């Protein structure tokens, strides 16, 4: 057993070492936000209106009722809630006493209830959970447990863990050990056994089977036990980050108990030794920086969103271009911006970052490291734009008119179905006005204000990186539904990496389209029901004439007619017919089969016929078998000599 455990520990250690190479060093990318804490407050507040002792207890650990009347009414109902609760007795007692003490209720607890609580340790507990709640209840009541009783409890706990060392029992044992004194120090030796059972998810999370409650129970208890007995830290830095990631992934919890144990677990990890406690380094905002004022702002906080203690002395960052990994800046200093030392800013203006996607690797005090992506937004500028109208078959160059952004062409253009419209523009980055750039979206939009209709085309980029648009008026008439008139001509430019996307009214143009051909006229929408679709079967083959059918029927009946004639001439010998059941049954079955064939020919299909034929055939077979055996027996009885002769010869 020990060799298997050792092997498991070695494998886990190796896996964690490899995993740490791809992880940010001792940092997470999120924390409990103010919105999360506010939502938890709402969960705790709603718990006061329930009749669940557990929810009310965890709510009282975090907030108090806002109204004194609500507090008084709650205290008066505690005994009723206790009686109605379906929890274990020891758990109900704990919540009852805990709520009463947290709310400072003036109502005294029933003496009978207190007597039962005081006598709880006279008999051994069935689980570590019961021991924990009994000890915690005595602590709420201010009752000191004597050393003899503690020794007895420790012995009881040892026996329980020998029989059933599940994660639940271990978790409650870790949490109660600090209240039982040095005799319970053996529990610290079981922490490693519990931690090794954690399940890893996607290489990023660590959790225990049982979810948030069990994971929080073990982590809180393990740290409390090691602190009490001076043992080694229960987890390392990599494990602390993965447990923190798991707890932060459960921020959507909706129960008072879940919210409380989540907060307590994050407090435990945040207040752990500086050797393992993870922190959060994250970008503030949407991760976008404008090129004219490139300020990169980050938050450096603990898991609860609070300032770090002690405050980081040095926060620097390395910035590289994500596309080709070229280094923009090696050591960018981040300075504190807020009085609480949670927000830090780096001014990148001296590095003149261009429009691109970057990766920043931030290091705090040389211990904590986090990589994040951010984007520097540039400003697009229209270097030049030309628009013109020309003939389709013109051999000479089309005359284009320049338009300066953001002005509109003074005159109105006009084009008919024998002409085409051309637009050419060059877009540049404002910081590098000589270098054309590409954008995600470059469109030309035509809008008819009178008809309130629009059509949008894509402007394509040529080899010189200039955007061009060329439209044959006649060929594109269908796109405009052949509606002639004055259209506003817009240039639309947009990109995720520019901060000044725009729609520019370049010119007004009168488009004259030919009359729409009749084939292209819009068909009237039919609103009435369509004609009913009727299925037509194939015309059956032509039948033979009546004479041919009668002759064929007569030929089929010929054997039966001949049989009746021979019977009439020769006579029917029924002397040997007996009325034995097998004889009658065989002839009835055989006749039934013949009748069934006739009915099949006239009315039934094959499957119906088989359904009736099978039982009749079985009945006929059995009767026929009995009939043949009886005939054979009668023949042997009449001629015994032939029977003996045949026996000798055989």
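Cβ atoms here come from the backbone N, Cα and C positions, even for glycine.
As annotated by TrEMBL, signal peptide applies to 1-24.
Among the features that TrEMBL reports, domain 'Ribophorin II N-terminal' is placed at 32-270.
Positions annotated as domain 'Ribophorin II second' by TrEMBL: 279-376.
According to TrEMBL, the domain 'Ribophorin II third' annotation covers 384-511. For the domain 'Ribophorin II third' (384-511), the model's average pLDDT works out to 91.
What TrEMBL records for 537-635 is domain 'Ribophorin II C-terminal'.
Nonlocal intrachain contacts for the transmembrane segment (551-572), taken as residues 6+ away from its ends with a CB within less than 8 angstroms of a stretch CB, are lacking entirely. If you look up TrEMBL, you'll see 551-572 (among others) marked as transmembrane segment.
What TrEMBL records for 584-604 (among others) is transmembrane segment.
Marked as transmembrane segment by TrEMBL: 610-628 (among others).
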Helix-strand-coil residue split for the domain 'Ribophorin II second' (279-376), DSSP-based: 3 helix, 54 strand, 41 coil
Secondary structure composition of the domain 'Ribophorin II C-terminal' (537-635) [DSSP: H/G/I, E/B, coil]: 77 helix, 0 strand, 22 coil
The domain 'Ribophorin II third' (384-511): DSSP-derived helix, strand, coil residue counts: 4 helix, 72 strand, 52 coil
